[in-house]
Amino acid sequence: LICYVSKDGETATCPPGQKCEKYAVSASHTGHWFYMYDCTSTCHIGPYNVCCSTDLCNR
C-alpha cells in the first residue's frame with residue numbers, strides 16, 4: 001500500500017485511524033537509510049530495519 005500526504009497532512013489511501021508516516025528503511029546495518037512513506041500499521045512490519053518518523057528516526 002502506497003500512501004501520500006496531502007496539503008492538510010492527511011492521506012487519501014490509508015484506512016481510517018491510520019496516518020501516512022515518513023519512515024526510514026535500511027536493508028542492512030550499514031547506516032544508509034532510505035526514506036519512504038507508508039501507513040502507520042505497516043511502519044514496523046517487514047524484512048528490513050524500519051523506524052517511524054515519530055519513533056527512532058527522531059533521535
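Residue numbering: from 1, along the chain as shown.
Glycine too: its Cβ is placed from the backbone N, Cα and C atoms.
Reduced to three states, the DSSP call for Cys20 (disulfide bond) is strand. Among the features that Swiss-Prot reports, disulfide bond is placed at Cys3-Cys20 (among others), with the record citing similarity to another entry.
As annotated by Swiss-Prot, disulfide bond applies to Cys14-Cys39 (among others), with the evidence given as similarity to another entry.
For Cys43-Cys51 (among others), the entry in Swiss-Prot reads disulfide bond.
Residues annotated as disulfide bond in Swiss-Prot: Cys52-Cys57 (among others).
Cα of Cys39 (disulfide bond) to Cα of Cys20 (disulfide bond): a span of 4 Å. Rounded to a whole number, the C-alpha distance linking Cys20 (disulfide bond) with Cys14 (disulfide bond) is 7 angstrom.
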